[in-house]
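Report on one structure; see the data block that follows.
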Amino acid sequence: LSSCRNRLNASREVAPVSLPNCRLIKGIETGSEDIDILPNGLAFISSGLKYPGIKSFAPDKPGEIFLMDLNEDNPRAVELRISRGFDLASFNPHGINTYVDRDDTVYLFVVNHPHQKSTVELFKFEEDDNSLVHLKTIRHDLLTSVNDIVAVGPDSFYATNDHYFSDFLLMFLEMFLGLTWSNVVYYSPKEVKEVASGFYSANGINISPDRKYIYVADVLDHNVYVMEKHANWSLTHVKTLQLDALVDNLSIDPHTGDIWTGCHPNGMKLFYYDPENLPGSEVLRIQNILSEEPVVTRVYADNGSVLQGSSVASIYEGKLLIGTIFHRALYCDL
């Protein structure tokens, strides 16, 4: 039991760290679990995740993808229309990632959990009419419990499986027993393979600006793994950075290579939702992760009174956008 409590940081409380000019995004009330920002400042936000054992404020409402133009003075979140023929009723979006092709086509990869299964949905973004055209649904025996993805081509990606089991009770048992059966999978239409394993719960995944390294967050081991990517798409472990919090999604500053992550200060409050003792939020910035002395800064922390359950933090032009698993989204000046 004590090791399980340690994995969940059950006794941790955080001191608040505030930022100037923070405001909640209107229209996002039921989650903003993952955020990906294009180089031109368009931010995609996945909303409405229903995840076993985690609170949802709208359990019967299908998930949505929102778009925000961060170049605007007062950006608002606009729901993207999704093309006909896609099953919206069972849409349950989780991790997302964009890929911009050589011809400037923008592809959006979305982890989806229809009927508690795992698929990856591939969309093409049509900026003219704020819509997503559904191209295909990707299913595979190795994509069992997908949490997050990072695209490495117009139809290829790395994905994290956060659990070995997909059944909720077995998932809980897996966490309780501390099994390290979670992994990272490489997917392309030609080849699908496990490329890294031995995680307690592999969560956020992203890629360095030079495309040489893959970063993986292990949420229950409170750390970020640095993996070197090879020509055959295999990964080898370079180093592990240990942190205090449960690290969720990872965003990369394209200019500096800094890693920004939304974290859970206390996982127990997340799994046992109590309106009197809310799950808090925490944002960490990791500089120079490849160096001997990476610098980790707590940029934002809140006890849940403003923002509950932060899962992602992305920056653009001196602004920070913080998303949550099931709550709201916060936009701040840095």
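Using N, Cα and C of the backbone, Cβ positions are placed for all residues, glycine too.
Because TrEMBL annotations are produced automatically, they should be read as predictions rather than curated entries.
Summarising the annotation, TrEMBL assigns active site, proton acceptor to His94. Annotation comment: TrEMBL describes Glu33, Asp34, Ile96, Asn147, Asp148, Asn203, Asp248, Asn249 as Ca(2+) binding site. Here TrEMBL flags Cys22-Cys332 as disulfide bond. The N-linked glycosylation site annotation in TrEMBL covers Asn249, Asn303.
Asp148 (Ca(2+) binding site) and Cys332 (disulfide bond) have their C-alpha atoms 24 Å apart, to the nearest angstrom.
Around the Cβ of Asp148 (Ca(2+) binding site), a 10 Å sphere holds 31 further Cβ atoms from the protein chains shown. Taking the centroid of the Cβ atoms of Glu33, Asp34, Ile96, Asn147, Asp148, Asn203, Asp248, Asn249 as the Ca(2+) site, the other same-chain residues with Cβ within 8 Å of it are His94, Gly95, Val111, Gly204, Ser311, Val312. Within 10 Å of its Cβ, the residue among the recorded positions Asn147, Asn249, Asn303 with the fewest other Cβ atoms is Asn303.
Among the recorded positions Cys22, Asn203, Asp248, Asn303, Cys332, none has a Cα sitting within 10 Å of the Cα of His94 (active site, proton acceptor).
Cβ neighbours of Asp34 (Ca(2+) binding site) (same chain, under 8 Å, six or more residues apart in sequence): Ile45, Ser46, Pro93, His94, Gly95, Ile96, Asp148, Asn249, Ser311, Val312, Gly323. Neighbour counts of Cβ atoms within 10 Å were compared for the binding-site residues Glu33, Asp248, and the top value is held by Glu33. Close to Cys332 (disulfide bond) in the fold, though at least 6 residues off in sequence, lie Leu19, Pro20, Asn21, Cys22, Arg23, Tyr300, Lys319, Leu320, Ile322, each with a CB less than 8 Å from its CB. The Cβ neighbour count for Cys22 (disulfide bond), using a 10 Å radius and every protein chain shown, is 16. Within 10 Å of the C-beta of Ile96 (Ca(2+) binding site) there are 25 other C-beta atoms, taking all protein chains into account. In this structure, the CA atom of Asn303 (N-linked glycosylation site) is 23 Å away from the CA atom of Asn203 (Ca(2+) binding site).
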